[in-house]
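Student: I'd like to ask some things about the structure below.
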Amino acid sequence: MLQRSGLRVGPGRPAAPRSVGGGCGVTPRHAVHRTTRPSTLRSRALSSDFRSSPKRGEPLGIQGGAPSEAVEVTLGPGESLIHVDRRNLDEQGAYWVTVAVTSPGAEARGTRVVRVVSNHPGNLVLHWGVIKRDSAKGGWYLPNKRSESELPRGTRAYKKRALQSPFTRQRAASFGRDGEQQVVLELKEGDAYDFLDFVVKDTIENEWYSCAEEEGGNFRVHLGGDSASAPAVSPSPTPSAAAPEPRRRASIPELPSELCGIWAYVKWEHSGCPERSTQDADREYSEGIEEMKTLLRDGHTLEELWRVANGEEKLRDFYARVSGGRPDRGSEAGSPPQEVPEHLVGIQAYILWERAGKPDGADFGDEARREIQRMVTETGMSFPEIEEHLRNPPSEPAPAAAAAAQEEVEDTRPEPPVERRSEPIRETPQPQEPAPEPAPEPSRKMSPMQFIKPEGRAEEAPGSTPNLVREALASEGSKESPLQELVQAATIDSSSEGNVSWKRVYPMGNSCNLLAVVRDEAEEWTLTLTTDLPSKVELHWGILKSSGRRSKWTLPDSRLWPSKTSDCEDGISVDTAFGQYKSPPKVPLQQVNIRVPKQMDDIFGVSFVVKSDDATQWWKDGGHSNFVCPFPNQRHQEQEGGLDDALVDDIVDRESGDHMTLMHRFNGCADLIRGVMDGNFGGDRARGLSTLFVWLRYSSMRQLTWQRNYNTQPRILAGAQENLTLALTRTVRETADDGPAQQWARMCLSCVGKGGSNGQKIRDDILHIMHRHKVKEVKGTWMEEWHQKLHNNTTPDDIPICEAFIGFLESGGNRDVYWGILSEAGLTRERLESFDRAIRCEPEDFPDKREGLIHDFRDYLRTLKSVHSGTDLQTAASECHHVIDSNNELKSKMGYVLSQAGRGAVDCESARSFIWCAVEARAILHDVGALYDAQDDGRKARDCLYLDAALESQIRACAESAAGYLRTDAGGWTSAAQLVEPLLQNLCLSTGDNSELCYCLQAWQNLPANFKTNAALSKEDALLVSSVVDRMKRAVGDLSSSMAENLQPIAEAIGSRTDCDGWTVELFTEEVVRGGPAFSVSLVVSMLEPALRSLAELGSWQIISPAAEPVLECPQVFKAEQLYTCMNLSFPFPSVLVCDRVTGEEEVPENCLAVLTRDSPDMLSHIAVRARNENVLLATCHDEEEFSRIKENEAVPVERLAEMGDGSGLAQWFAVETTASGSVAYRRIDAPKDQGQRTGREAPGMAAKRSLKISTPEWVGKYAVGMDEFADEVVGAKSKNLAGLRDKIPGWINLPASLTIPFGTFESILENHPENAQISRDISKLTARRVVERDPERCLREAQELAMEVTIPDEMWGALGEGMARSGIEWNLGASGAESSQRERDQVSQAIKSVWASKFNLRAYYSLKKARLDFMDVRMAVLIQKVVNAEYAFVIHTTNPSTGDESEIYCEVVKGLGEVLVGNYPGRALSFTCGKESLRSGDPAITVESFPSKSVGLYLPESLMFRSDSNGEDLEGYAGAGLYDSVPLHYPEPSRVDYSSDPIMTDMGFRRKLLTEVARVGLELEDVLGSAQDIEGCVDKDGNVHVVQTRPQM
């Protein structure tokens, strides 16, 4: 760029003029422009004379102006002045324009720099051209090639007849003044031109300013073709001293990051929400920031910018006010000319085509585009405003304007201006890496608890209809339906006390409905059909023996026929005339009743249609399907899996029809949504909607046909899409009280394009593009083949086809690019050729039309996406401007997201910024209720749901990109930690049952900030972070498992019956999970774990139970998903078992040396105690890859055990070694020479088990005994140990009041009370050894059921009442007969019998069998205690169970009741160790081993606990604890707990005091009882410590 000279207009003294030339010239006729209003003021010309100044920098005066005004020109080195001229723009001389022409000198000989300055305040455009010397062809020449000129940014060709350059207020330091605007032209071949002609236009007022002296002619400026004749002016190397300094700030305030995002969004919206590439969006975001900085430097304030951001002033008006009606085009960051959206071009072209008389083959595309560009430039209208103007014109144009529009002008320049982005105006150093753009900071205004969604109402009985008539009645609006009273009555009767088991309202058209109700009438089902159709109708019906609309009809038994029934010729149906309803309301109603005896339990339901009595009119469900009314038949449910299967059957029926397209599928799905919400397929709406999701996802994956034997016009398909998406939107709104159901409705939306009014545009615009670019409709060409497909059957495939063709054009016709893009989208040549309108040809290139085609097809792509892909971010954002514009915070987030979308993660910080903005944009959409807006039939809410889904997709893509970066990031785990919070919040927003996730989010937020950024945490701090990560990981894993359990069976049912590819069926749920937000969280968490475990000194393995020997050798390793499924196995040789899931309640299989798992059972769980007792290695692997290697490379399925024989003959054995550091190593070894002897050897501990004996105590003749009577052979160890502690422990340790039902009471009641005699005989039969061993699961289950039917005698109730009072248990059982007392007795009875029945539980059976003990020798005492209202519960082992260290106490603590510990609820407790000697010395050495990650707590304010106290728990060397049940009188509901805000986590002093007290309990009890103890206790809300039971530690 040449150095510019300066031009100032300001105070100065006049000088003697000297004429150089110029004045008003004669304008060529075709360039004359008339004003739009007759009253426009004409300009008055002034003299253009000037004089040379002998002094450098002295101003040059001009005559004719005000005496105090002078034109001041400051020249650079070697620069000479050729011409200066000033003209008034109005008769009063208030506004003027001044022109200076300079030559830069020898360095650029022939160049002319033209500077035009004006003080006019409007939005000015210079409309100009040059007169070329010796041109044989008259008219203006347009020097718009790069080699010919450097033109202002924003210059464009106007109808190829003139150039239009916008004025700007941007100033260089050497020229300009406040309130002025200018335009600078650099003509590189200026000496080849005689004149520059121009007029000026104010686009705000729509006024043209021209030369009055020539009766409205052009201004003409002499360019001085002969530069030698021009007078020399002494150059001034420095700016003139007379020139005032521009009003620029030395420093500007810092731009708020929120304002940057809003500004970017406002500019994008002002441009018409154009489709942009990632690079363009990023560039425009940066340019917006630079624009604001420039405005601030120019003296504008942040308050002005905020007014635009807040919507108080439109951007268009702001530009008009401060910089001439457009963004500052003169700055380096100025935006390029706006591209006109193609759909606007189509609208305008159609208008022009109509005006021209609709000529055949005429192409008005270019003219339409120029006209719209003119409207943008001259009026400042945005593209949405132009579209509104074109669609709804205010009136017919004036005749003069119409004539102007038809004016034909000879084109002197055939080549239109071309944007040359690849050729920068000036060379600037390119930075190695773009500077990060300021992103709006996370607001964190919302508590995670606000994100918790309702988990849905309790599932109702099959056939119930929670939302039966909502839509039908809502559709009637305020108009009362004749069926309303009957509907309300049926709704009331569908409650738990009514007899309505199924009901539905079917719309029949013309505001008429059909009410179907199924009632349970004791011995029969009654189907009542009532309609308000005005004409006489009949029921054409048959019986269904199986579910499904297409199931075959069966002729109804004549016993089922109502009166006025006749059989039909088809032999499978009958006709029944509707009769008049007995009590007609406002209009006559017709009704028919069908009664089906319940003994006919093979009937699924009734299928029917309704017809007029003359058979001229038929009514079907949804207009195309049979009505189906099911009976809730128990036999049918057992055989076919319940009514829910009917939905799968219906889907499969629809897919098997002769005709199927996307239109049919979408219409069918909309019908089924109504059925799911009405309860036609069961009461579980979440299951029904998840089934529809599977169907739609298979469709979106192209596993189901998109077109078979039927053609669908685009507008018809788009209408079906809109119908479905609006139905789903209503469902999202109606399931606001049911989070899981709402989640599936939202996920269904992501499988369907939005549809709508653009369907016809798909068909029309492809023709417009072909005609505009003169691409002929020739058969056998790619374009014509695609056009035919679009015309007949547009599908989502057209999006990647369009993208592939654009890529093909952009690559210069490279077909490899075309096929590459198609391949990435899953489109093969075979699929293209399989279309009904096949695409067989290769795409053809159009080099001469390439740029225009790329532009047009990019806009066409946007149309395709608006119909077929509602989750495209830019399309979704543009449709949601009504919500975004109303919320500044949302506007800020969306501005940043739109500018950065698709870039990928440059670094962790950029990924964090992007993800945070996108997540908070989602949170705002949820918070402001945008997803539930019922206006416009839900269309606005639907648009917001699609935007929400688009944001979720962008978050996932960015997170996956960031994951690749994080694997090599030097920042370590702390970099990944920065992404946890936004990704977890994103998952909370997307998940229906999200309460546990929200608690995880709160726990993460409550961690001290430095814990998430400090790469060198202490061990204890790392343990604290690990506890939160552990809970988070478990929550995400449970979410994935739940989805697999619920979704995969449905996917297999539909996929296998619709011929979907096997791999898609098998991997269906896995792909859903991997494509969802949970996977992003899982990715990041997996990066945290290794580093945190290292900092916490945990390693990859955790030894829960050590092995008897450091090295274990065995012939084989087996694998199973769950230990529970194989715990009853007896391995024929020593083996190792690898299991994914270990809950903690299982038994160790016989002859098992080690159990390796990736689960984390508690250190004090039953399996852990049992494993330690048997010297079995129990170890958890926290390294997923290592665990997978063991499973895949070393283990065989446990189902192959029978093939292994005795294990001898194997060449390779398996060795497991526990290292001194607490890790596990494994390897293959050569089989030992004595393998035959070793395979027959029992596992350690088995021989000791054979010597175990269990005594069978007799009943002592009492139903209840107090502590004074707790003795051997009377009660179990729990009761005896409590009695042994009395008067021996400090007073600060409290013992609960206790009463025990002694051994043998259950057996005595069975044997000695006649009312229980039959139960006793039945139990004896079931538990006989030869019977139970054949089917232990069934026999024991039935024995438990029988035990629950035992009658407790009255004398026992009396003994219990007296015993409780004597023992201090304040609980009134009262006398039998009183209602309240009877209810209390029933609850106590259930609790006692539940403990007795646990004698027959399967786990205890296998455990005793493995120990060679008879489970029928077990006698069950029941210890009754009053429940302490616990704040914390603890379990203590006074010898460290993991190390066997007798000098160290091991404890675990949780919130709430101790059942969370002993019941093995998932997650870790707060575990710690304490040295006994340090405890005695008064300075306890407490070491925290883990912080709590439990998800739930149990709380009971006042209740009783009934604890099992069997003789099977007293055996030395046998860990019987936990085999039998302890039952509370009132079952507490698990509630979510938040450890992160509890003082046990946040107050180190409180934690140390509590843990010290717990450890002291263990020390005191061990000293009293004289042996290592297993203790359970709690701390109440007042801080009092209670011990509820203790027993010898095993």
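Here the Cβ of each residue, glycine as well, is placed from N, Cα and C on the backbone.
What TrEMBL shows for this protein is this:
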COMPBIAS  37-51  compositional bias 'Polar residues'
COMPBIAS  227-244  compositional bias 'Low complexity'
COMPBIAS  411-426  compositional bias 'Basic and acidic residues'
COMPBIAS  431-441  compositional bias 'Pro residues'
DOMAIN    96-223  domain 'Alpha-glucan water dikinase-like N-terminal Ig-like'
DOMAIN    258-307  domain 'DUF7067'
DOMAIN    342-391  domain 'DUF7067'
DOMAIN    506-630  domain 'Alpha-glucan water dikinase-like N-terminal Ig-like'
DOMAIN    1100-1197  domain 'Alpha-glucan water dikinase phosphohistidine-like'
DOMAIN    1383-1593  domain 'Pyruvate phosphate dikinase AMP/ATP-binding'
REGION    1-65  region 'Disordered'
REGION    220-250  region 'Disordered'
REGION    381-448  region 'Disordered'
Student: Top stretch among 96-223, 506-630, 1100-1197 for CB pairs under 8 A with the domain 'Pyruvate phosphate dikinase AMP/ATP-binding' (1383-1593)?
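Tutor: Going through each listed stretch, the top one turns out to be 1100-1197.
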Student: On the 0 to 100 scale, where does the mean pLDDT of the domain 'Alpha-glucan water dikinase phosphohistidine-like' (1100-1197) fall?
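Tutor: Average per-residue pLDDT within the domain 'Alpha-glucan water dikinase phosphohistidine-like' (1100-1197): 88.
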Student: DSSP on the domain 'Alpha-glucan water dikinase-like N-terminal Ig-like' (506-630): how many residues come out helix, how many strand, how many coil?
Tutor: 3 helix, 64 strand, 58 coil
Student: Which numbers of helix, strand and coil residues does DSSP report for the domain 'Alpha-glucan water dikinase phosphohistidine-like' (1100-1197)?
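Tutor: Breakdown, helix to coil: 23 helix, 43 strand, 32 coil.
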Student: Which residue counts does DSSP yield for the domain 'DUF7067' (258-307) in the helix, strand and coil classes, in that order?
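Tutor: Within the domain 'DUF7067' (258-307) the tally stands at 39 helix, 0 strand, 11 coil.
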